[in-house]
Amino acid sequence: MNRGIPFRHLLLVLQLALLPAVTQGKKVVLGKKGDTVELTCNASQKKNTQFHWKNSNQIKILGIQGSFLTKGPSKLSDRADSRKSLWDQGCFSMIIKNLKIEDSDTYICEVENKKEEVELLVFGLTANSDTHLLEGQSLTLTLESPPGSSPSVKCRSPGGKNIQGGRTISVPQLERQDSGTWTCTVSQDQKTVEFKIDIVVLAFQKASSTVYKKEGEQVEFSFPLAFTLEKLTGSGELWWQAERASSSKSWITFDLKNKEVSVKRVTQDPKLQMGKKLPLHLTLPQALPQYAGSGNLTLALEAKTGKLHQEVNLVVMRAAQFQENLTCEVWGPTSPKLTLSLKLENKGATVSKQAKAVWVLNPEAGMWQCLLSDSGQVLLESNIKVVPTWPTPVQPMALIVLGGVAGLLLFTGLGIFFCVRCRHRRRQAERMSQIKRLLSEKKTCQCPHRFQKTCSPI
């Protein structure tokens, strides 16, 4: 009796000692669906020896017979292999290609009368829909995992956005910065496996852009895409809402086929010009106040639901002098924070306001600058020269004209003076002649009268 007790205790101790050894010998390996995994098995001696790989059902997968690799009747027979070049080093690993979720199992390596267990867990991460999505659409990632596993998933977008979840991860309202390679890490039993998923967000590089131009300048609108596709087919249109117009109108419609652009219809006023290749490019011959406003370019891609959008704004500046008034105006969508100012060159601003028009009465002569600024940064500038009322110095042509006018006035004055003088002399001569005649007549008349008086009888 007493001899049996120590024996039972010894047997129990041996069982307890053996159990942890089996657990410690079991390794966990994570694999990716469609990828290749290598399950290692090493002998204590670096030499070629007999080995066998089996699954949990004790079905032989592969092994060695003599110096040749043999395969069993398992489902992995056409996808399993071993590195023969490493057998002499005591390495008898099994390589499984094109992994499937159902390959998840416990695999047993028998070598040197010992067994090594490796638990393989295969995961797959896929996008539920196409990986080419329009901006604003939702992305859903689904994790495929073997039964009985409880993995966690953490994904990071190219823009630094972190998203965590279980077997399903949803990303609403994709943005253009989400385009690129997403890195997702699957964790299970303190082991990790990393997935790389390329997501293409179909969008323009900019959601909105503003073009600032002086009146009369040529305007260039550009709409570069934030993605590249080998075959790109679709159609587009530019709608424009001028600031002075009551409603918007279509300026141009076009087709896009294999990156070639062809215009379908264009307005006559204004008559836009469009480039024939990507990026989408429009030219407005002249920036005029009646064109200032905002537009919306839409692009519908073939086999895609929804459209790409980009807003574009045009701000036009005019600096003009009318009589004694110098005016600076802008048309188009501007922020209330923008400042419009008029200043004489190399001097401080004469007038500066958060308004769309400023003016100066009786401006000094010189070069004036009309400036549209945002927090000190000049967005648009137009120069206008103010000419003085009396130019200094007087130009030679002006001297000639003034001399001619003065000479003409002097000649006219002298002519009038001499004419008046001549006429006065002539009239004076006539009067003297008349007086002489009268005096002459009086003398001839007195003699007869005196004679008659003297000779008359008493």
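Glycine residues also receive a Cβ, built from the backbone N, Cα and C atoms like all the rest.
These come from Swiss-Prot:
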type	residues	note
DISULFID	C41-C109	disulfide bond
DISULFID	C155-C184	disulfide bond
DISULFID	C328-C370	disulfide bond
DOMAIN	26-125	domain 'Ig-like V-type'
DOMAIN	126-203	domain 'Ig-like C2-type 1'
DOMAIN	204-317	domain 'Ig-like C2-type 2'
DOMAIN	318-374	domain 'Ig-like C2-type 3'
LIPID	C419	S-palmitoyl cysteine
LIPID	C422	S-palmitoyl cysteine
MOD_RES	S433	phosphoserine
MOD_RES	S440	phosphoserine
MOD_RES	S456	phosphoserine
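The closest partner of C109 (disulfide bond) among the recorded positions, by CA position, is C184; the full candidate set was C155, C184, C419, S433, S440. Under the DSSP three-state reduction, C155 (disulfide bond) is assigned to strand. Here the domain 'Ig-like V-type' (26-125) is broken down by DSSP into helix, strand and coil counts: 9 helix, 50 strand, 41 coil. Considering only the recorded positions C41, C422, S433, S440, the residue whose Cα is spatially closest to the Cα of C155 (disulfide bond) is C41. Put simply, S440 (phosphoserine) is 87 Å from C328 (disulfide bond) when counted between their Cα atoms. Taking all protein chains in view, 24 other C-beta atoms sit within 10 angstroms of the C-beta of C370 (disulfide bond). Taken residue by residue with DSSP, C422 (S-palmitoyl cysteine) is part of a helix. If you check the recorded positions C41, C184, C370, C419, C422 against S440 (phosphoserine), none has a Cα inside 10 Å of its Cα. The domain 'Ig-like C2-type 3' (318-374): residue composition by secondary structure is 0 helix, 37 strand, 20 coil, according to DSSP. Summarising model confidence by region, the domain 'Ig-like C2-type 1' (126-203) averages a pLDDT of 92. Closest to C422 (S-palmitoyl cysteine) by Cα-Cα distance, out of the recorded positions C41, C184, C370, S433, is S433.
When the disulfide-bonded residues C184, C328 are scored by other C-beta atoms within 10 Å, C328 scores highest. Helix, strand and coil content of the domain 'Ig-like C2-type 2' (204-317), in residues and according to DSSP, is 3 helix, 67 strand, 44 coil. Counting in whole angstrom, S433 (phosphoserine) lies 158 from C41 (disulfide bond) by their C-alpha atoms.
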